[in-house]
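As recorded in Swiss-Prot:
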type     : residues                                                             : note
ACT_SITE : Asp133                                                               : active site, proton acceptor
BINDING  : Cys22, Gly23, Gly24, Gly25, Ser26, Phe27, Gly28, Ser29, Val30, Lys45 : ATP binding site
COMPBIAS : 624-642                                                              : compositional bias 'Polar residues'
DOMAIN   : 16-277                                                               : domain 'Protein kinase'
DOMAIN   : 339-410                                                              : domain 'SAM'
MOD_RES  : Thr161                                                               : phosphothreonine
MOD_RES  : Thr586                                                               : phosphothreonine
MOD_RES  : Thr628                                                               : phosphothreonine
MOD_RES  : Thr744                                                               : phosphothreonine
REGION   : 287-308                                                              : region 'Leucine-zipper'
REGION   : 624-802                                                              : region 'Disordered'
REGION   : 670-713                                                              : region 'Sensing domain (S)'
REGION   : 776-802                                                              : region 'C-terminal domain (CTD)'
Amino acid sequence: MSSLGASFVQIKFDDLQFFENCGGGSFGSVYRAKWISQDKEVAVKKLLKIEKEAEILSVLSHRNIIQFYGVILEPPNYGIVTEYASLGSLYDYINSNRSEEMDMEHIMTWATDVAKGMHYLHMEAPVKVIHRDLKSRNVVIAADGVLKICDFGASRFHNHTTHMSLVGTFPWMAPEVIQSLPVSETCDTYSYGVVLWEMLTREVPFKGLEGLQVAWLVVEKNERLTIPSSCPRSFAELLHQCWEADAKKRPSFKQIISILESMSNDTNLPDQCNSFLHNKAEWRCEIEATLERLKKLERDLSFKEQELKERERRLKMWEQKLTEQSNTPLLPSFEIGAWTEDDVYFWVQQLVRKGESSVEMSGYASLFKENNITGKRLLLLEEEDLKDMGIVSKGHIIHFKSAIEKLTHDYLNLFHFPPLIKDSGGEPEENEEKIVNLELVFGFHLKPGTGPQDCKWKMYMEMDGDEVAITYIKDVTFNTSLPDAEILKMTKPPFVMEKWIVGIAEDQTVECTVTYENDVRTPKLTKHVHSIQWDRTKPQDEVKAVQLAIQTLFSSSEGNPGSRSDSSADCQWLDTLRMRQIASHTSLQRSQSNPILGSPFFPYFANQDSYAAAVRRTQTPVKYQQITPSINPSRSSSPTQYGLSRNFSSLNLSSRDSGFSSLNDSSSERGRYSDRSRNKYYRGSVSLNSSPKGRYGGKSQHSTPSRERYSGKFYRLPQSALNTHQSPDFKRSPNDHDRRVPRTIPGMPLHPETASKAGEEESRVSEGGWTKVEYRKKTHRQLSAKTSKERTRGNYRGRRNF
């Protein structure tokens, strides 16, 4: 303020008598008041502090600029005192019933008043002032009807800066002001065009749209206020010039005043303008249509915004997934058993590069190569091996063990998958198919009632054909196409609608879709559209014959081991790898609270589907064993192998009615397993429980590499566990001590007390590697003394009464 040499007239706060609130300016509220000492009605704008507005007003003096009287400088009371415009703001006048009296002369007079006031600010004031917030609310009507420009709170001296902050109200703001770009005085020209549009249409600019929406429409879509088609041409041209996107093309206020004067001399313009003003009902629909279009555009924008947010969310998830994948080392090839030392070197490099302590682990890749670690050796490495190689950090050892375990798990899961790219030079794979005949019977149950309106019906689908055909049906879907009925999908028989449907509509049909399992090569599904008609007699069923071409699973692998997906795999190495994984899973699951799998009796079968499945797996020759332990290789050609295995695994082994005997119903089956147990169970127990020699255990003449490596890693049973689970027939006199040796189960260690007896049994191994076992039948007295309840408890596969 001192730079301009302005001296303010200071008015005491007590010298003012305040009345009602007249509205608000840019940075304060305006009140009507009486300047007591001067006996003058004034307007007082209360402020938190005196800023640039008083500085600007103090140097301005024009008929169309609000007159400045002085300031209030009594803390905390600060304010600006100006003349009072008794007729209110131009905005209030336009949006009231008084605006209906406006005519061509009225509009021209007021348009000229505003233009002259703005021309004074730009060209004739002591310092050029850019208002930047010109709008109908900041134009007031004095008592004599003259328009005066007020509220300079957003104004700037042009020689101070031309880069303005975001101020003003969006519908009146020029695009460069909205974007906070450097501005010139023509930004006020844009606002003047909006004020002139308000006087012509007596409408609120961009009514119903939010400020930011208007800003987006003006800047991004280059939208402007609608100029009605019946608007006089001279006014329309002036508005278009004021709203040019390029600020340099807009006219100055000197040019606008000249245009208004020429329009006043046009004798035809008054009639055109008055006709336009009085026929507002005809052209108002054009403005409303534009507003509706802009609102729809805004709604589409909101929808696109939500869509973009959803896409951004999905991209973030995808980015996170890629980040997680990037932390997984790249594999030289999926056939880990064929990895060379260089392949292992590459894998370790990828692994240590992803770790946090990559600098400390950078030399480990060379360490693996120096120790000649190939793919087969890599998957069998243990903690002691890593220490022997020179990896002493416990954290680094855990890091490598976790990576190797994950690599082993992934390899075993993918072992039986066929290659994506087949070798053209190799032998063609056997592709066996079998044909299953199936007849699908479609019909519906009908309760006739009195007619089609109150009858009840429901659709069904039956099957006839080969017994195994039902195992190839994945699901059956009934679609009635009724508005209040849902699509019914069933995965197991009986395939019939659960609820009755009341009434039969005209041309009522039901679309039945039968989907087959993945091992059905053709067809993948069968569709049938069944017509529902009302008839008191039994409706005729429709039969559709289907031939299913079944792709036989693992048939070529069982008949020809060389045709497996990985024929070059080392069976002994894979068996060792599988046994190691089973042992690691066993140690992890011993701490779980499952009463059966967590008990000391089942350390070996903790990761098996059922006891029977584990026994069958133990009896299967090595050449037919699959790596995945949850599939029974002896039934690999059966299409229902997974379903049966899953059903067996769901049995509760601890329940009374679902013991091991429930897994085999026929006596011949139990006898067959009894014969096998005599020949194989003792042999397996001896080889699995032989004491280890050295770190990896000693190799016996008849033991497999996998069993000799893990021979010393099974848990011994405590005496309390044996005493708890013994059958009552074991509680005999001390003379029967030699008959209290419990029946061994494959994979279970011998009791410490019976270890010496096991050694004796091992010493009696015959030439073929089988163990001689003498069985003694109970006397008639012992058998008769056994209760029926005890007989039931002891009658299950896996336990033998001595």
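Cβ coordinates come from backbone N, Cα and C, glycine included.
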Looking only at Cβ atoms, how many others are within 10 Å of the one on Cys22 (ATP binding site)?
19
Per DSSP, three-state class assigned to Asp133 (active site, proton acceptor):
coil
Could you pull the average pLDDT for the region 'Leucine-zipper' (287-308)?
82
I need the least crowded one of these recorded positions (Gly28, Val30, Asp133), counting other C-beta atoms within 10 angstroms of each C-beta.
Gly28
Provide the three-state DSSP residue tally for the region 'Leucine-zipper' (287-308): helix first, then strand, then coil.
22 helix, 0 strand, 0 coil
Using DSSP and collapsing to three states, where does Gly28 (ATP binding site) fall: helix, strand or coil?
coil
Rounded Cα separation (Å) that holds between Asp133 (active site, proton acceptor) and Val30 (ATP binding site):
17
Let's see if you can do this one: DSSP helix, strand and coil counts over the domain 'SAM' (339-410), in that order.
50 helix, 0 strand, 22 coil
